[in-house]
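**Q** Pulled the feature table from TrEMBL, pasting it below:
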DOMAIN    5-218  domain 'Cytidylate kinase'
BINDING   G9, P10, A11, G12, A13, G14, K15, S16, T17  ATP binding site
COILED    96-123  coiled coil
Amino acid sequence: MGKAIAIDGPAGAGKSTIAKMVAKELGFIYVDTGAMYRAMALFMIKKGIKAEESDKISKTCVEADITIKHENGEQVVYLNGENVNGLIRTEEVGNMASASSVNADVRKKLVELQQKLASETDVVMDGRDIGTVVLPNAELKVYLTASSKVRADRRYKELTAKGVDCDIDTIEKDIIDRDYRDMHREISPLKQADDAVLVDSSDMSINEVAEKIIQLFRK
Ligand code: DC
């Protein structure tokens with residue numbers, strides 16, 4: 001088992017940006033578990049399966065071969081041999097991932113893959129259930145959050161910078177809905193582990209948050 005830092009929290013709290021910075025500084029591998037759920041969601045969308053068809057999701061998830069590789073310092077997600085990094089960042093895939101990730105068979109398959117990765121190397125892993133379920137013995141657990149307003153504002157800026165036409169109120173509503181689903185699902189709901197450190201990034205810069213986590217780890 002390598003060393004591990006678990007970073008959990010709601011969508012848009014800055015987990016992936018910060019986890020990447022921390023991993024780089026410490027020489028750990030960054031593992032984005034949301035990308036795995038997104039790849040699985042993409043598979044379901046391609047198969048024409050709807051979020052509410054849980055039996056079909058259970059049956060079909062065994063056909064999805066999801067693998068993670070690290071190429072030039074970047075995590076690349078392969079779905080049945082295809083690099084899907086460029087296809088999984090849409091709102092449609094994010095919403096399907098939030099819905100299909102409630103499925104026990106999907107979770108079992110992806111948790112096993114995540115635990116295998118962490119057993120082979122030192123990792124900074126981010127997600128929703130890393131500190132509570134995937135890596136309960138992680139050296140450091142962080143619960144990273146920010147207000148829904150701040151998170152919506154960050155997402156709005158990100159999308160408009162890419163030239164995507166969007167509405168900030170709709171984005172905030174989507175964030176609140178997704179939080180609710182992630183926090184209230186039966187299996188592995190998003191919650192702060194008892195031994196996780198709470199970090200609210202609403203009024204902190206990315207650098208400040210990354211530095212705080214590195215300090216906590218080195219303490
Ligand atoms: O972090 P993200 O937005 O890329 O994750 C997409 C969805 O995947 C999210 O709504 C919930 C789900 N997810 C999960 O259930 N467990 C994880 N460890 C990571 C993500």
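Just so you know, the numbers here start at 1 and follow the chain as drawn.
Placed from the backbone N, Cα and C atoms, the Cβ positions cover glycine too.
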**Q** Beyond G9, P10, A11, G12, A13, G14, K15, S16, T17, what residues of that chain have CB atoms within 8 A of the centre of the ATP site's CB atoms?
**A** I18, D126, L144, A146, R151
**Q** Looking at the binding-site residues A11, A13, which sits with the largest number of other Cβ atoms within 10 Å of its Cβ?
**A** A13
**Q** Any idea which of the binding-site residues G9, K15, T17 has the thinnest Cβ neighbourhood at 10 Å?
**A** T17
**Q** With DSSP assignments reduced to helix, strand and coil, which class does A11 (ATP binding site) get?
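**A** Reduced to three states, the DSSP call for A11 (ATP binding site) is coil.
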**Q** Taking the binding-site residues G9, A13, K15, T17, which residues show a Cβ-atom distance to ligand 1 below 6 Å?
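**A** With ligand 1 as the reference and 6 Å as the Cβ limit, the list is empty: none.
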